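Peer 1: I have a structure here, written as C-alpha cells, and I will follow up with some questions on it.
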Amino acid sequence: YKGCTYTAVTPQRIVLVQKGRLYRAKGYHITIWCNVSGYQGSSQQNFQWSIYLPSAPEREVQMISTMDSSFPYAIYTQRVRSGEIYVERVQGDSALLHITKLQDQDAGEYECHTPTTDERYFGSYSAKMNLSVIPDTLSATMTPQALTLVEGDPLGLTCEVSKSTAQHTHVSVAWYHLQGAEDPQATVILSLSKDFVLTPGSSYVQRFLSDVRLDKVGDTTYKLSIGKVQPSDQGQVYCEAAEWIQDPGGSWKDITRKQTEKTLLTVRSQGKIDFQANIAAVESSLAEGKPLQVNCSVKAQNSQNRWFQVVWLFKEVEVARIDPHGVLALKKEYEERAALGQLQVVKKSNEMYILKVYQVELKDKGTYSCEVSEMEKASASFSIIQSKMSSGIDVNVKPIVVQTKVFTKIVEGDTLILHCEVSGATSPLSLNWWHLQKSGDQLEHVVGMERDGMLRPGPSYQERSANRDLRLEKINSTTFTLAIYNTSATNDGGHYKCEVTEWSMDRSWKQAQETSVAISLDLRAMLISRTANVKFTQDFELFCQVSVSHLITSVPISVTWQFQPILGTSGYQKLIKIMPTGTIEWGAAQPHFQRKTRVTQAASSSQLLIHSATEQDAGRYRCEVEVWRRSSQQAQQPHPCPASSHPTSSCPSKLRVNTEDRSLEISGSADTEIECNVISLTQRDSQLAITWYFLPPSPADAAPLQIVRTNYSNILDYGAEFSSAMQKSKFHSERVSSNLFWLRMLSVNHGDRGRYYCLVEEWLWSADRGWYNLGKKESGKTMLEFKVSGKYTNEDVTLSCLLQGPSQPVSLFSAIWFHGLEHSGMKTLVKVYVSGMVEYAEEEMVERLHFRRTSSGDFSLRLQSVEPGDTGVYCCQVQEWQQDSGGAWVQLASELSGYTRLTVLPPESTISSRVCSSPSLLHFVLIYPLILFVGLTAALLYLYVKNRQAHKESIYQRKGKELWVDFKGAGGVEPTYSDHNNLEEEMNNLKE
C-alpha cells in the first residue's frame, strides 16, 4: 500500500518432540514423534536421537541418525542394525522413533536434534522429553476347555483380568471369535472400552442385549453370556485385555495387551437328544412329623426349549402328574392332603420337580420314583417322544419309640418308680400316665405333663398329689419319671401305660407302652410261749415274731395282743395294741390285765409278760400285726421343729447350697451346663423350687434377670427377657439327681457372657397351712467366659451361624455372610439361597469357603488356610421365606447374628491370634456417636475419591451392589444393601 515499506522476515526454526513424561511398559513397541518447522533449505530434514541416562544425566549417548549410520554409540549399534530401533519418516519434516522391544535401560531423557539447513542459525534445533519404563503387570486368564453344546443352549465364559500398575490406568476387555483354525481374522463379539462403553461386533449387533451380554462380576471377572448359541458361534472364543494410560497431551495410549487361551466351541444342530431322569431325597431316613422332600431332576441339553411331563410314583402307583404346561394333577388322597397344606408338588424349573410332604407319616414310608416323558407339541395336543424311568429311592419313616422301665415286683409301702424313655422325637412332647388295676376296669388317668411343663393329676390322684405321694418329673428332654410313694397292694398294682404325644404345628402323633406292676406284702406272725404248762401265781411270757419280705424297720407296723377266755363263748378281745409310733392302747373288756401285764417291742418282735397267773387268765392268746401306710401316720410322726407355745413360730431351715464362685470357659458355639448343688435339706421329703438368674457383664450394677423358675410342682415359668420361643429352646432347667440341678444352655454364643446363679427355695406341706416356704438360699456365681483359641496363617477356622428356635415346615431359609474391619464398612462374602445355590462375591474365595450344613438351620462357614487378609469382623444374616398363593417367594423375617472377631498372625509371631465373639456394639454406639459418624463420613469420602472410576464400572455391571454400614439409633450395626446409581448425590447428602 501507499506509504508502506516491506521487509522480508526469515522464519525461525522450531523443533517439537512428543510431550513427556511418558510411561511405557517393558517389552512393548513404543514410538516418539518429532517435528521441525520454520526451517530453510531442503524439505527433506534429518533427525538424530540421543538419550541422557538417569545414571549420567549430563552425558549424551547417541542412539540413531537418519543421515549417519555411524552415529549410534556401541550400546545401541546392534539394536539399530537389527531393526529393533529405527526411525520412520512420516513426512520430510516429521519422523517417528521406534523401539520395538522396550528395555529397562531405555528409560531416560530423549533429545531429538535436526541438523541445520538454514543460511544462519536462528531458532531451536533440538527438543527433549522424558520416558519411564514400568513393569508389565497386566494379566488375563481363562481356563481352556472344549465345549459341545446343542443349538439353543446357553454359554457362559469368564475372563479374569487384573493389574497392579502404580500409575493410574484403565482396562478394556474384548471377547473374540475365530470361525475356524484357518481363519486369520478374529471377529469381535462384544467389547468394553476403557471408558466403560459396551460395543458389539458387527456380527453380533442384532443379538446384543437380548442374547449376548458382558457383565463385570466382582473386581476382576468379566463374563460373556450367550443365551442361545447358534451354529455360527462354533469355533474358538478368547478374551483380550488392554491397559491404557493417559499421556500428558491428554490422549490415551494402550501400553500393555494380553490374550487368554482359547475355548473350542462345537455347536450341534437340535434334534432328538437323549436325557436322564434321576431321583433323590433330601433325607431318606427321618422321624415321623419331619418334612420329606423328594427331587426328580431331568438332565438334558437345551432343556428350556423342550417339553417334559413328570409322573410321581409311590410303591409303583401314580400319585401325582405334572404336564408340559406345569399343570398339576393329584390322586384323591394326595389331593386332600394338598388341600390341607400337608403336601406340595411343584415344578421348580424345566429340570427340577419337587414332591414335598411337610409332616411325614408312617404311611409315607416306601419307595418313590418318577417317570419323565419328553413331549412333542402338535397343534393343541402333546405326544410322547420318549420316556425314562428313574431308579427307586427308599424312604424310611421312624416313629417315636416309647419304653417303660420299672421294678416289676415291689412291697407295699415302697416307692413305685416308673421310667418312660422316648427316642426318635424331634418336636415338643406331652405325656400321660394311665393305670389299669385289673382286667375289665376302666383306665384311670394318673397324671399328665403338658408341653410347657404344666402338671395335671387325674381326678383319683389329686389328693395323693397334694399330699406329695405322687410326683412326675422330666429328667431330660426324652426321659420322664413317675414316682408313687407309700404304695398300696390293693390300689396301686396292675398295668401302667405311658402315652407320649409329639406335637408339630397343629398336628400330633401318639405312641404308648404298657408295663405290669405287682405290689405284695409277705407278712408272717408266729406266736411262741416259753412255758408249756402254767401254774397258778406263776409268771408266763408270749413272743410274737414278725417276718416280712424286706427289712421290717422300713415298714411302719402295729402289734395287737388279743385274748379269748377259756370259759367264755365270745370271740377274741383286745388286750393291748402298740402303734407304730410306740403309743399303747388298752382294751376295755379285760381291765385286770392292765395291772399285771408288761409289753416290750423290738423291730421284728413283741413280748407279752403276764405276772401271777390266775384262773381268769386261762384261754387262747393271739397276736395281730398290721402294716401302715406312711401317709396315714403323718400326724403321729414327730415334727422336726422344736415345741413352742407361740402359735406363729416357724421351723428353722437347714437348707444349705454350694456358695462357692466358679469360672467356666468354653469355646465356639458348644452346649454347656451351669450347676446348682444342694448340700442339705430340713426334711428328706422337702420339695424344692429352683430359679435361675443371669447377671450381664456390664454395667457393674446391672440387676439380675430371671431366666427360668421351676416351682415345687415342677411347673416352668420363664422370665420376661427369656420368654421368646428362641430363648425357651435355648435355656433348660433340669434336675440331674435329688440334690443336683443344671441350667443347660444350647449353642452358647458371646452374648451369653456373664454370671449365672440359682435361688433354691425349700417348701413343706402341713394340713393347716398347706404349702409354705421354709427358707431360700442363693448359690455361688458361675462366670461364663470364652476360651481364646489361636489361629495362625494356613490354619482352618469354622464360623458358627445356627438358627435357633422352632420354624414353620413350609419355610425355607437363605443366609449371607459379611466380612469387614471393625468399626468400618462390611462387604458381602458369600450367599446361600433358599434353593441351596451358593454365590461367592469373589471367585478366588470359592476354594477356601465351605458351608458346613449339618442341618437345615446350620449356616456355619468354614474358612480354609486363613491369611492375614482374613482378619476382621464376621457376621451372618438369616432370612426366612415362604411361597405365597401365586408361587412367589416372600420374605417373612430376617435376623442378624452376633459378631465374630478373627485375628490372623504369621506362623513366626509370638503373639497369640484370637477368634472370639464380640459383645453387642450398642454401648459403643451410644457412648461415641460423634466419633463413629465422623469416622464413617471420612471413610466414605475416601472411598468416593479412590473408587470414582470403579463406580462407573458398576453402571455396566448392573448386578453389582455395594454394602454400606447403617448405624441405627436402636443400637448395633446392621448391614443393608443400597444401589448406588448416583454416588456423588449420596456423598453430597452425607456431607450435608
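Every residue gets a Cβ built from N, Cα and C, even glycine.
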Peer 1: Looking at 250-273, 634-657, which one is region 'Disordered' according to TrEMBL?
Peer 2: 634-657
Peer 1: Taking the domain 'Ig-like' (277-383) as the reference, which of 11-132, 135-256, 652-761 gives the largest number of Cβ pairs under 8 angstroms?
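Peer 2: By Cβ pairs under 8 Å, 135-256 leads among 11-132, 135-256, 652-761.
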Peer 1: Looking only at the domain 'Ig-like' (538-626), how are its residues distributed among DSSP helix, strand and coil?
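Peer 2: Going through the domain 'Ig-like' (538-626) residue by residue, I get 11 helix, 45 strand, 33 coil.
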Peer 1: For the domain 'Ig-like' (399-518), which stretch among 135-256, 538-626, 652-761 has the most Cβ pairs under 8 A?
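Peer 2: Comparing 135-256, 538-626, 652-761: 652-761 has the most Cβ pairs near the domain 'Ig-like' (399-518).
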